[in-house]
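Comments concern the structure below.
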Amino acid sequence: MHNTAVILAAGLGTRMKSSRPKVLHHIAGRPMLAHLLAACKTAFAATVVVTGPDMDEVARAAAPHPTVIQRERLGTAHAALAAADHFGAGAVTLVYGDNPLVTGPTLQRLGARLGAGDAALVLLGTRPPEPGAFGRIIGPAGFAERIVEFADATEAERAVGLCNVGGFSAAAADMRRWLGNIGNDNAKGEYYLTDLVAVARAEGASVAVVEAPWDECRGVNSRAELAAAEAAMQSRLRAAALAAGVTMTAPETVFLAADTALAADVTIEPHVVFGPGVTVGPDVTIRAFSHLEGCAISAGAIIGPYARLRPGSDIGAGAHVGNFVELKAARLGAGAKANHLTYLGDAEIGPRANIGAGTITCNYDGFAKHRTTIGADAFIGSDVALVAPVSVGDRAIIAAGSVITDPVAADALALARGRQVEKPGRAAELRMTKGKR
């Protein structure tokens, strides 16, 4: 049957103190909304996102999924009802856009519990280490009779550890009806999604509870909670990498993106940061204090320490990128080496080429970027400036200190620096002259 997820993403997130919509704040290199969309993709046939007025950025981030606008912010139930035309004929699951850590398997469990047939409504619950002001789920094991807000709870109810964190599944027809029956007789005059339980129970419906780990159910309403969610996501990503055969000598200092792809037998030293779009092949070593984003690293390469790989970098098998070396939109061929203090931008470096310390590809003329091509087995001496567009042929040698502006043929030696001049005795004369003053 066609099942649909509805992500409620219309909130302003005022406690974030940001001009950016809350669901577009990043965790592990991608917006919170993107994490939810990825989880929903594994559990539902369709996903729709509810946004608010003037939230075009959220609609663009949700594409190609459809969006609907909650014209007035009158509460979470009102937001869900705005998407009623998208519920379809199967089951529908409502999730909050600021719960980015929930996983696809947990969402699948909600649907499976609904499919068991002994409950018409299923909600997601968790047991936080500090339940605090969360609403408590009251009922026999596995079921809910009501949700009691903390302010209204008795001491006995406050002692209950099972808390409501959002996430509701029901048949589409039931969900439409129950949402329409929720009232706004409360201090704020809003329509609250948590009242679904009371409305369903008033019809005699049974309400089941699916429990999920706390680290999947963290809400993000402030910068502090965003940092806590980031820490939880990083722990999850590190654990998955370690289980897949990656070595991290100090895992707590390594920061991964949600899409970081690490092969088995990769070794990562402390204080390495992965931005989005990094793929690392087997037997690669990434040394300490390196920063990588938007790059591909082939088997057996060695990166760092203190290396920076920027978007478009492609490191060949067995290549070396050493300390204080930066690459951007550059391919380093198999076995090539750039071991010290080098910038290679918009460049193609052939296999086994050796790039000396202090080499710079001068790729920007103030108006446009230009490419540098260095052939296989070429040797670039230290402190060389390659003024693009320029090419260096296979097996060519560039003398240290050269400024290369013209093509260098294969097997050629190129020197482009002033000739050294020596004046015997002149140093002694200068000392005498300076000393008399």
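For all residues, glycine too, the Cβ spot is worked out from N, Cα and C.
Matching Ser313, Ser382 to the acetyl-CoA binding residues that Swiss-Prot gives (Ala357, Asn363, Tyr364, Ala400, Arg417) identifies Ser382. Shown are the binding-site residues Leu8, Ala357, Ala400; of these, the residue with the fewest other Cβ atoms within 10 Å is Ala400.
Note: Asn363 (acetyl-CoA binding site) has non-local neighbours Gly345, Asp346, Ala347, Lys369, His370, Arg371, Thr372, Ala388, i.e. same-chain residues 6+ apart with C-beta under 8 A of its own C-beta.
Annotation for Asn221 (Mg(2+) binding site): same-chain Cβ neighbours under 8 Å, separated by at least 6 residues, are Gly13, Arg15, Met16, Lys22, Asp98. Cα to Cα, Gly97 (UDP-N-acetyl-alpha-D-glucosamine binding site) and Tyr364 (acetyl-CoA binding site) are separated by 42 Å.
The Cβ of Arg417 (acetyl-CoA binding site) lies under 8 Å from the Cβ of Ala399, Gly401, Ser402, Val403, each on the same chain and at least six residues away in sequence. Residues in the region 'Linker' (224-244) partition by DSSP class (helix H, G, I; strand E, B; coil) as 20 helix, 0 strand, 1 coil.
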